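**Q** Pulled these features from TrEMBL for this protein:
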type	residues	note
DOMAIN	B:7-409	domain 'FAD-dependent oxidoreductase 2 FAD-binding'
BINDING	B:12-17, B:34-49, B:D230, B:E392, B:408-409	FAD binding site
MOD_RES	B:H42	tele-8alpha-FAD histidine
BINDING	B:H251, B:S263, B:H362, B:R403	substrate binding site
ACT_SITE	B:R295	active site, proton acceptor
Amino acid sequence: MPTKPAGTLYRGREGMWSWVGHRITGVVIFVFLLVHVLDTSLVRVSPEAYTAVIGAYKNPIMGLGEAALVAAIVFHAFNGLRIIAIDFWKKGPKYQRQMLWTVLIAWVVVMVPFLIRHLTIVFSNFFGGH
Amino acid sequence: MQVHKYDVIIVGAGGAGMRAAIEAGQNAHTAVLTKLYPTRSHTGAAQGGMCAALANVEEDNWEWHTFDTVKGGDYLVDQDAAEVMAKEAIDAVIDLEKMGLPFNRTPEGRIDQRRFGGHTRDHGKAPVRRSCYAADRTGHMILQTLYQNCVKHNVEFYNEYYVLDLLTVEEDATREDGTPYKQKRIAGVVSYDLATGELHVFQAKSVILATGGAGKVFKTTSNAHTLTGDGMGIAFRKGIPLEDMEFFQFHPTGLAGLGILLSEAARGEGAILRNSEGERFMERYAPTIKDLAPRDIVARSMANEVREGRGCGPNKDYVLLDLTHLEPAHIDAKLPDITEFARTYLGVEPYTEPVPVFPTAHYAMGGVPTNISAEVLQDNDTIIPGLYAAGEVACVSVHGSNRLGTNSLLDINVFGKRAGMAAAIYAKTAEFVELPESPEASTVALLDHVRTSDGGEKVALIRKDLQDTMDANMQVFRTAESIDRVLADIATFEERYSRITVQDKGKRFNLDLLEAVELGFLLELAKVMTVAALHRQESRGGHYREDFPDRDDENFMKHSMAYKDAAVSVESSAEHIAGIRLETKPVVVTRYQPMVRKY
Amino acid sequence: MSSKVIDAPRSNSAETPKYKRNKSSHSSFEMVAWLFMRVSGVVLVVLIFGHLFVNLMLGDGIHAIDFGFVAGKWSSPFWQIWDLAMLWLAMLHGTNGVRTIINDYAERNGTRMTLKTVLYIASAVIIVLGTLVIFTFDPCPAGAVIDLPSFCPVP
Amino acid sequence: MSPIETAETAPEPASKIELPAHVGGGGEIPTFDVTLRVRRYNPEYSEESTWEDFSMTMYGTDRVLDALHKVKWEQDGSLSFRRSCAHGVCGSDAMRINGRNRLACKTLLKDLDTSKPITVEPIKGLPVEKDLIVDMEPFFQSFREVMPFLVNRGHEPAKERLQSAEQRERFDDTTKCILCAACTSSCPVFWTDGQYFGPAAIVNAHRFIFDSRDDAGDMRLEILNDKEGVWRCRTTFNCTEACPRGIQVTQAIAEVKQAILARQV
Ligand SMILES: Cc1cc2nc3c(=O)[nH]c(=O)nc-3n(C[C@H](O)[C@H](O)[C@H](O)COP(=O)(O)OP(=O)(O)OC[C@H]3O[C@@H](n4cnc5c(N)ncnc54)[C@H](O)[C@@H]3O)c2cc1C
Ligand code: HEM
Ligand code: SF4
Ligand code: F3S
Ligand code: FES
């Protein structure tokens, strides 16, 4: 029996792909947040447990993950502001495409210095050792 | 097969059908059967406007409007009907406004009006602003507004139901003078559900035909693929006459090769026509009004240029509509739609390049004869109780031999409303006519024949050949020889049609099958048009006979009435065509005696 | 002519019954939720960027984070409120976002209900837990083996 | 808009001009070969749908609709699709061409990449009936549910109701809708469960909500405040990109959202 619509992928434009990105980053952040609250709660259990878990964040794999998370948050945040502008600014819908480019540029502008700093710390500390 | 029972059945959901449905739906148990979703109807393609002597922007009155209509139709108009239409035009427009139609507005907030070809003040003294419009989408707005109001009034629609037969019975009756005759009565309709391939019989006290035009008998046409003259064809097969079928309007400016309409408003804005030599040829044909001459004259002039070798393009088969001397801003403001058509479909930029155009088959002036109450006539004056027709399928006749621009949107509203009201009133008192025994039998036979016939002929090829010969021989110039050629061709098409093969044998959405059925109607109508054109040995309005270039009021100031009649043989027919009997009907003249038609 | 088999399209079969619109809701919940997403979004930009900046960019970045860092922060009511607001807003914002996504993609009502129940429970647990942690947090627990923040009384 | 001017007010054009060579004659219309890859589906024979390729030679002015006709008329009569006006005003033939919703009659072949097969599929999210034909009932049902008609409770004037040109302009954009469903069936939210009212219904509600003559705006806003109403829009702009009439659909939806907000607070 036929079940679901099939065929080629709908070739949406910027608007659709930015929404796909927004949705995925939203879920990613949410899942992280759940975990993050749980691990932070360990401070209530005992400082040792917390330190142990936080230690796990300090290896380079997690460091990279952390970078990805920040990338996701920054995109989600900026694009969220774009969506809000589309909703409330009269000319928002007209300039949605331009605003998306602005979001992406702002994302790069924020991410580059952050990555430089963050990754240096992550890797220098790992290799340099404490 | 299922049988349904309604007081009123409306066939067609274009402007005429839905205007009728709004009236009938509120007063009687009504259903609308339509082969397209209502909003797909071709009324939505109309651009220019709908005229009424509102006098919102300058002095005007319905009497002038009547005169223009009569003169525009080259005096073949039934003047009582034209008077009704012009009078009720004002209410028709106001009705639409109250239903929500977003007309353009004057600075005072009233409905704005603009000029259109042939509409004049005080019997031809000067152009008058009579056309009410909504940008260049008047037809779209009318269709949408009517559909919206059908939704509001909960009108029942059967979408994608093709009506293929009228159920009529004949009773013996006597006229007042004692002569016996056969009185036709309407019992209902038979329709084919596209989705399932099932037949449904609808029994009804009143039936309104509103199936629109038949432009697809021609190749180059502004009409939709679906305008195959079904209503006319069905009525004709039931022995109901068709009136004035030789008159078909060719609109001068269709996109070359495609037929897509570029509104008359383009020339109103100052666009001009040029031939391959860059010459503004209308100066030769109509020295005073040039490019703004009436549609029939301009169309003939264009065709003549092409015929004399001054056409443009690789095949020298079109002329050019030149807007390049107009300001781009002006074009954008006034003609956004047509410029978009030119860009989209021909890749021509109207700001800088002239647009290829050629006359395009546009409007059937003829159709199922009705009186001013939209009642269908079975002969010159006997009505068929309960059967109504309105819109392009009908011939009231308010358009005579040449329809004025904007008068058709008016026609569908005025006579659609009249038909709807009359049908509901009739249904209140009338009894159902008993359905004939196995009412669907002839439709089943028709479909079975089409489905099982296996001679290998392709429907699309026959249709193309028909359209080619109609374009070549029955367009703006006609002669006895060219008409004879068409008749000879049609004879071969009929023979080929008996040997068609339909590839799709399924039941679901079998459009292949229906295209074959529609071709049957087209062939029938083409033949009627041609025979009637052969008979009319004069030139009048849209019908121009090169061998008889003048109007002949003495012999031909009358409507033609074509009947399907198996008793007519080649020998007994004046036109030597079997199966069609031609009669005439007098024109109703009230105030305006025929004059020479010049602008 | 070539032809290859692909999945059949969604069709009007028994499994997908004739189109039926859900009963209308007659409440403005969706509007409030929508509005909340925007308002909380704007506030979250400040809260989260501040949070990330302080945690990841200042000082030694992520490596500066340890029990002492957290304890130091939460000893000030300013950061307590900051993080509390962030927790609540982000959780409500994220929960509502995921609720939307479940509404969109869960095809059957049963699945939809189940997923949403799980979501709400999880969110409630996390919010309650987080709140408790922030308020009942003791920066200087007794018997700690590791270094405690310097402001703690030496045991 | 001011009334149409006549030729007298427009500049008088020259009686004769030089035409560039390419308009006066000559200039072949280019022809090219195309392959249409059409998604076929006919539950009478199989519950599976298949891709089928058709090759043909077409002209520079041909549209996808012409190619489909050529297939139907010359190669396979059973290929089924809806169409009527053939110039983009009736809304019959919205379909997914190379992955995007368009009207077949408004998409010229030459504007597509003809070196690869052109894919043609039914629009998404509505039940497919046969080949490119989908069941439009859900779509029209949403349309009907937003009360798409003028409601006026005031005193009926004898003549027309007055409306200023500015008031008329306010909802001009949304009067252009031809109900082709290209927007609704391009909306990722509509695809999910088909419950969302969809952009077309909102566009048609907008047309009346912002009509100064109408008195039922509140009721329509209430309808669209539903959980399947405007709040489900995720501003993906697929609808706006797909609309063959160039309606600013997302903008219209935003205006309706704001109208609901303004009414509640
Ligand atoms: C491009 C163009 C521009 C025009 N511009 C103007 C203008 O500016 N002003 C003006 O006054 N006029 C204009 N006209 C003319 C005018 O639009 C039409 O004559 C008029 O709209 C016809 O309306 P109708 O209701 O009779 O038919 P249509 O609107 O054509 O409707 C026909 C209906 O019948 C149904 N139908 C047909 N056959 C069957 C069947 N077998 N079974 C069931 N249902 C069937 C169809 O589904 C459809 O709903 C224009 C025409 C064209 C083509
Ligand atoms: C940093 C500031 C943030 C801003 C400005 C922001 C903004 C937004 C906005 C405006 C929306 C609504 C999108 C729409 O209706 O189409 C949204 C959706 C969403 N947000 Fe955020 N958000 C932020 C942070 C977060 C966080 C921290 C989370 C996770 C906990 C999150 C998870 C989500 C999710 C899951 C959605 C739903 C996505 C969807 O429906 O497609 N957001 N966000
Ligand atoms: S808004 Fe545009 S895309 Fe949507 S139905 Fe109307 S015309 Fe089609
Ligand atoms: S595509 Fe859908 S999500 Fe909104 S912007 Fe258009 S309705
Ligand atoms: S056929 Fe009418 S819109 Fe394409």
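Residue positions begin at 1 at the first shown residue.
A Cβ is built for glycine as well, from the same backbone N, Cα and C atoms used for every other residue.
Distances, neighbours, how buried they are, the whole picture for these features please.
**A** If you average pLDDT over the domain 'FAD-dependent oxidoreductase 2 FAD-binding' (B:7-409) in this model, you get 93.
B:G12 (FAD binding site) is surrounded by 32 other CB atoms, counting those within 10 A of its CB over all protein chains shown.
Annotation for B:H42 (tele-8alpha-FAD histidine): same-chain Cβ neighbours under 8 Å, separated by at least 6 residues, are B:G14, B:G212, B:G213, B:N223, B:A224, B:T226, B:L227.
For B:H362 (substrate binding site), applying a Cβ distance below 8 Å and a minimum sequence separation of six or more within one chain yields B:G215, B:T221, B:S222, B:N223, B:F248, B:Q249, B:F250, B:H251, B:G254, B:L261. In the three-state DSSP reading, B:H362 (substrate binding site) counts as strand.
For B:R295 (active site, proton acceptor), the same-chain residues 6+ apart in sequence whose C-beta sits under 8 angstroms from its C-beta are B:G117, B:Q249, B:F250, B:H251, B:P252, B:E264, B:N402, B:G405.
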**Q** List the residues in the vicinity of the substrate site, defined as same-chain residues other than B:H251, B:S263, B:H362, B:R403 with C-beta within 8 angstroms of the site's C-beta centre.
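**A** Other same-chain residues near the substrate site: B:S222, B:Q249, B:L261, B:E264, B:R295, B:Y363, B:G405.
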**Q** Using only the Cα atoms of B:H251, B:S263, B:H362, B:R403, which the record gives as binding substrate, return the largest interatomic distance in Å, rounded to a whole number.
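**A** Max Cα-Cα spread across the substrate binders: 15 Å.
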**Q** Which ones, of the recorded positions B:R40, B:H42, B:H251, B:S263, B:R403, are Cβ-proximal to chain D (under 8 Å)?
**A** B:R40, B:H42
**Q** I'd like to know which of these binding-site residues, B:G44, B:G48, is least surrounded, judged by other CB atoms within 10 A.
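**A** Candidates: the binding-site residues B:G44, B:G48. Fewest Cβ atoms within 10 Å: B:G48.
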**Q** Based on Cα distances to B:S263 (substrate binding site), point out the closest of the binding-site residues B:G12, B:L36, B:G44, B:G48, B:S408.
**A** B:G48
**Q** If you count other C-beta atoms within 10 angstroms, which of the binding-site residues B:A16, B:L36 is the most crowded?
**A** B:A16
**Q** Same-chain residues six or more away whose CB lies under 8 A from the CB of B:R403 (substrate binding site)?
**A** B:G72, B:G73, B:Q249, B:Y363, B:M365
**Q** Among the binding-site residues B:R40, B:H251, whose Cβ has the fewest other Cβ atoms within 10 Å?
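**A** Fewest other Cβ atoms within 10 Å, among the binding-site residues B:R40, B:H251, is found for B:H251.
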**Q** Could you tell me which of the binding-site residues B:G12, B:A16, B:L36, B:R40, B:H251 have their C-beta within a distance under 6 angstroms of some atom of ligand 1?
**A** B:G12, B:A16, B:L36
